[in-house]
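Per TrEMBL, the features are:
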- 14-99: repeat 'Solcar' (REPEAT)
- 107-200: repeat 'Solcar' (REPEAT)
- 17-37: transmembrane segment (TRANSMEM)
- 74-93: transmembrane segment (TRANSMEM)
- 113-133: transmembrane segment (TRANSMEM)
Amino acid sequence: MSDNGGLAVGLLSYETLVHAVAGAMGSVTAMTVFFPLDTAKSRLQVDEKRKSKSTPVILAEIAKEEGFLSLYRGWFPVISSLCCSNFVYFYTFNSLKRLTASGPSNSRPGKDLLMGIVSGMVNVILTTPMWVVNTRLKLQGVKFRNEDLHQTHYRGIFDAFSQIIANEGVGTLWNGTLPSLILVLNPAVQFMIYEAMKRKAGRGGRKISSAKIFLIGAIAKAIATTATYPLQTVQAILRVNTAIENIIPVFYFPRIRLKFKVFLMTGNPINRQK
């Protein structure tokens, strides 16, 4: 009975809820401030024929061709998905942290990494449909340089869900789940580095300033993003449901590309008999 009570306290505690809400609001604020940069990133990931230039040049091109407000196209669905996604992640991570806490030296890099991976997997399974929809809404009305990319016509979040289910099947809402599951290493590595650096900075009872926490978080995020960026590109294009061949330009051999395509879409690699 006491074990069940401890589990309930870990899952439903006020502290866990505060961490989840704070994480969700922090991510929403950051994304709102830097949303044009995310728009530029999405275009470069999905539209392979848009040449990679400096960020200001890309932003200027988009604003000139499609209007200034196009830099904020899809803001609401992205923010909604991000808010839900980060709430789920932080809630799960801090619940696991409370449930597994034992003794003075209860936090270790390996343990933080494992909790980050589990939290990321829960997040992916629950929120992937929202990310599929918001990726399509964000790219709706875009003037693609790649003619193979097709335009969509959704009237909003709920209409997008309805059309995708009706025309492509429920399973389409989980397109890109495999690379997303692999990408749980991104926040997992981020939080492992963040927690390790924070413990080191606070060693000996030293108080950590807000500026130092901000810097630690930025360094951890930069390392994790750099390590997993190629998979983020794969993930973005699978959500748009374009041809997988267009996103693996480094794979020049047809057999390798075919096997990689099947593996990404189904999770089952194929072997051809000669």
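Heads up, the Cβ atoms here are built off N, Cα and C, so glycines get one too.
Within the repeat 'Solcar' (107-200), the DSSP-based counts of helix, strand and coil residues read 69 helix, 0 strand, 25 coil.
Under DSSP, the residues of the repeat 'Solcar' (14-99) split into helix, strand and coil as follows: 74 helix, 0 strand, 12 coil.
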